[in-house]
Structure formats: structure tokens, C-alpha cells
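J.: The structure that follows is given in the form of C-alpha cells.
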Amino acid sequence: MRIYNTLTQQKEAFKTLEPGKVRMYVCGMTVYDYCHLGHARVLVAFDVVTRYLRHRGYDVHYVRNITDIDDKILRRADENGEVYTDLTDRMIRAMHEDEAKLGVLSPNEEPRATAFIDDIIAMIQKLIAGGHAYAADNGDVYFAVESFPDYGKLSKKKLEDLVAGARVDVQEAKRSPADFALWKAAKPGEVSWQSPWGEGRPGWHIECSAMSTKCLGDTFDIHGGGPDLLFPHHENEIAQSECATGHTFVHTWMHAGAIRVNKEKMSKSLGNFFTIREILEKYPAEVVRYFLVSSHYRSQVDYSEDNLAEAGRTLTKLYHALRGIVPAKEADVAETDHDRRFAEVMDDDFNTAGAIAVLHAVANDINHYRREGDEEAAKRSAAVLVRLGAVLGLLQQNPEAFFQADTGSELTAEDIEAMIQARADARKAKDFAEADRIRDDLLEKGIILDDSREGTTWRRSQD
């Protein structure tokens, strides 16, 4: 297996620190608002990484943190006129609801920053003792960037350029413009904790260093996150952690690609900013997941109605292959060429686009066997399709449930069944004009009928 390491900017053979075990940390949400499409990309990307590593037999210990104290959180709580913990608790519940709909498995641990204040303070004390941090007169504590010669090794930024660029916003308490806060002195009315430097709260970067090393040890296998976190957040994590522990922080750094909307950067100012909730009001959750998985995790993804519609159509093809067939028992299905091809592409830096192509090849086999009347071969291939789909978090629904999923249609399942019965009654009475009218009315509302000798089934259009 080879994984692209942001640190070395190349694919590397993946070797775990401990045989058969993977320790992975991913930066999670700052819970001041609902999760957006960019968050969905990261959630799904590292869910697939976790699923595939487990599929390959690794014991994965996956930690994804929650930032539950931050400037943005305090500002939003103040705007809402609520206690900050009420805001964060509400947003955490919403996040869990969103990720469950997207089929994202829960991490092994989900540490919250506010539960690690003692660990954060202890790490800051280590940094001060080692000459890597200093307390300012105003109660802030800063990391001394120039004390870490390797600063910039992840982002490939030069310290002298960062210092020069930061001079426009020099704070008097800092010794160097590029230094960053480890501890922020309390402001009037803000939540704070007691520390050796007075009342205050932690900086964002030190939170992740303290949580990750506490949960996974001084050195662990994989650290991941969104593209916007590479610098300064992950760069600062490396500096803090390696100065505090004296050990290499992380072996493999992984970053998901950015999301664009209609080929433009997603931003609130452009009016193209979508929360997961807003998207799931328009599209089935599995279609959204399929859309995200269809591209390589490092690639830039363009969100558009056309692309989501295409994702819906192609996912529908896979479910069509499974419709009306009972997959063979897993124990009765040996490893196939498709399994081997799937492993080959996924071993190449989690190439989910290639894996999706394998799923469609299996679906083509199912359709071929059914045309040939070889139901047993079709059942075995269906088991392979469901098995491989599970690694991507796809194709685990009953096909009928997928086809009949309600995504905001004006018609409920009960309404549709009643209209199908009315159509059947009209056909029985040889009133074919009325039967056709009902069929056309349903089609206009996005409901497609499929007639067979066994009766009539229906599905919602994915267009």
C-alpha cells in the first residue's frame, strides 16, 4: 500500500509503527455552526480511509477531535445571546446527525478541547521549560517559532518569508512576528480557566497537539484534515509537538482536496455556501456520499446540480443491478478478480475513483449473468458488489428503499401506492386512458413505474 505524504510530497510505502495497528488523528469541527460541504468531504474521505484499512486487516484507532472553545464559538454565542456550551452542544448533536446520514462511522475517540485543559497547560509548561515558548506581560503565552529550525517543513514555507510577511500585523507582546499563541489571557466576560499565567484559554493549535499525543502517543501513523489546515495549523502542531516531546510527531500527513461550487470557491460572500443539511434536503444522502467518493480524496471537487444529478444516475445503475436479487452468502463467494483489482486501486493512495469503476464492472457482470439466465452467478456477483460497496460506505440499503427514498417530494410513499392501486383498478376496468394519465402524472412528479409479471414497482427519479 502506498499513501501520498504531504510532508514528503510523494507516495510512500505505508509502514505502521506497530505491526497490524494504525493510529490516526483527524482534525474535526470547530462547532460554532452547521457542518458544510467542505466538512462533508473530510468526514467521508477519512471514513473511507478507516474502512479500507480495516478491510485490509488493520486494527485502526481513529481519533477525530472537536474544537469546542474558540474565538468563533464565543463570538457566535454572544451574537445569539446564549451560553457557549449550549451552542457547542447543539452543533455537536447536529454534526452527529449529519454524519450518520452520510454513513460516516463514529471515530474510536472524539475528544473535546475543553476536557484537556490540564494536558494543554502541561504541554505549554514543557515548551516554556525547553525554551520554545514564553509568557508575555499581558498573560498570553507564545510559541517561539525561531526556536524550531524545522519550522515550515510541512508547508515548505521559509521562516524568513513568514516573519517578513507578518510584520504588518505585529503584536507588541510577541518577540517575533511569526510567533503564535499557545495561551490567551482572559478578556472581560469570556470563559476562562486558571493557569500558571493567570486566567485564560488555550490557543487552537496547542489543543490538537495535546489531544492527539494524549490519545495516540508522542508519535503516530497518520494525521489528516482539510486543505486549509495545512498551514498554519498543522505546521504549528508539528512545531509544538516535536519541541514538547523530542520525537517525530507524525509519519504520514494526509490532506483532502478543496470543494468548489460551480467552479468557484465556496464562500458565504458569493452566496454559494451550502451546509450538509441544505444539500440533504435536495439529494439523497447516499447520492451525496457517492458524489464525494467518486473523486480521489486529494483532488479538487466541483459541486454543481449537474454533477449531483450525474452521481444520482450512476449510483442508480448500481442499485438497478442489485434490484430483485438476493446476494449469495458471503461464505459462499471466493475472492474474485474484481476483489483483487479493487485492492490494487485502493492500495494506490485510496483511489476511490478507480474503486467506483470496479463496482460498475461488477454490476455489468450481474446484468450479463441475468440476461444469460445464470441466477447463481448473478447472486455471487451481487455479493461481491455489496461487499466492495461496503468498503466505500455504499450499496448497503435495500434497493427498494433506495429507489423510494423521499427527498422532499410532494408525494409520500402512501400517496404513490394509492395512485398505483388506482392505476391498477383503471387497467382492470380497461380504462387505459385513466391508467396512462395516472402514470404520466406520477412521472411528472418524478416517480417512475416499472411493470412486470410480478406487479408494479416504483422509484423516484434521480435527475
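Including glycine, each Cβ sits where the backbone N, Cα and C put it.
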J.: Tell me which of 55-59, 265-269, 455-459 corresponds to the motif ''KMSKS' region' entry in Swiss-Prot.
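T.: My reading of Swiss-Prot: the motif ''KMSKS' region' range is 265-269.
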J.: Please find, within the list 29-39, 172-182, 205-215, 425-435, the residue stretch that Swiss-Prot describes as motif ''HIGH' region'.
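T.: So the range that Swiss-Prot calls motif ''HIGH' region' is 29-39.
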J.: Determine which residues of this chain, when CYS27, CYS208, HIS233, GLU237 are set aside, have a Cβ within 8 Å of the centroid of the Zn(2+) site's Cβ atoms, and list them as they appear in the sequence.
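T.: Those within range, site residues removed, are TRP204, HIS205, GLU207, SER209, SER212, HIS223, GLY225, LEU229, HIS234, ASN236.
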J.: Taking only same-chain residues 6+ apart in sequence, whose CB is under 8 Å from that of CYS208 (Zn(2+) binding site), what do you get?
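T.: Same-chain residues close to CYS208 (Zn(2+) binding site) (Cβ under 8 Å, separated by 6 or more) are TYR25, CYS27, ASN65, HIS233, GLU237.
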J.: Tell me, by DSSP, whether CYS208 (Zn(2+) binding site) is helix, strand or coil?
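T.: In three-state terms, CYS208 (Zn(2+) binding site) counts as helix.
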J.: Can you count the other CB atoms that lie within 10 A of the CB of CYS27 (Zn(2+) binding site)?
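T.: For CYS27 (Zn(2+) binding site), the count of other Cβ atoms within 10 Å is 24.
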J.: Give the number of CB atoms, excluding that of GLU237 (Zn(2+) binding site) itself, located within 10 Å of its CB.
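T.: A 10 Å sphere around the Cβ of GLU237 (Zn(2+) binding site) contains 28 other Cβ atoms.
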